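What TrEMBL records for S141 is active site, nucleophile. Sequence annotations record features per position, and here TrEMBL assigns active site to D198. Residues or ranges marked as active site, proton donor/acceptor by TrEMBL: H213. Taken from TrEMBL, the feature disulfide bond applies to C54-C130, C192-C201. If you look up TrEMBL, you'll see 1-16 marked as signal peptide.
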Amino acid sequence: MMNFFTILALAIAASATPIAIPETGDAVIATRQIVTDRTSLTENEFSSLIGGGCKEVIFVWARGSTEAGNMGSIIGQPLGDELRREYGRNLAIEGVDYAALLSTNYLPGGTDLVSELQMRGILEDINRKCPSAVIVCGGYSQGAAVNHRAIEDLSAAVKNQIAGVVTFGDTQARRDNQQIPNFPKNKLKIFCGGAIRDTVCDGNLAAAVLLPHLSYGSNAAEAGRFLIGKINAVRGAKA
């Protein structure tokens, strides 16, 4: 019969030995979902062709002035997360690597020509390389202006490939009469604050430091639903 010390030694050894518990299929999927749901501060999944390229859906985003990376954290990342949860590996996210300087907000049109051409070039490149992809776009603050200026002069073919656009704290909302010139109004949704209006949308750039302009993360779900509805309508028509 084993004495007390033998039993104690065996118990200690057993407690120190890890027991492998196989993950169920649901657990593996959940773990992967947590990872793939995250949108980085910098996303170049279309242009880098790493984990992206010609996906079924391509989301092009322009961050606000001085925001980090090419997505920014105020609304770019949360909105990317909404789309990632819906489309997973069928989605590529591409941030526009424009300078996002404060000074260029004061130029006619709300941004500089170089920034406008950067986003326009991405959209035209997607049209050439991935003509079957569904494109959705968006931008925050100066990034909204980049969307206005980049999209308004695109060819009809590229505009037709864009299913929907969302802008937040849109510096060009009043200037362009709540629309992107030469682009269907029903494809655009502009967010200009909640209970308290974000007067950046009225051209008051000084209001960019106020809470209504900095709180658009709360609109991510609504904006995501808008874009998802537009995307799924196009996908359904193709089916």
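Heads up, residue numbers simply count up from 1 along the chain you see.
Cβ atoms here come from the backbone N, Cα and C positions, even for glycine.
What TrEMBL says about a protein is an automatic prediction, not a curated fact.
Feature map: TrEMBL annotations on the structure.
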| residue | record | Cβ contacts under 8 Å, 6 or more apart |
| --- | --- | --- |
| C54 | disulfide bond | A92, K129, C130, S132, A133 |
| S141 | active site, nucleophile | G64, S65, N105, F168, G169, D170, T171, V200, A208, H213 |
| C192 | disulfide bond | G169, D170, A173, D198, V200, C201 |
| Hey, which of the disulfide-bonded residues C130, C201 is the loneliest by Cβ count within 10 Å? | C130
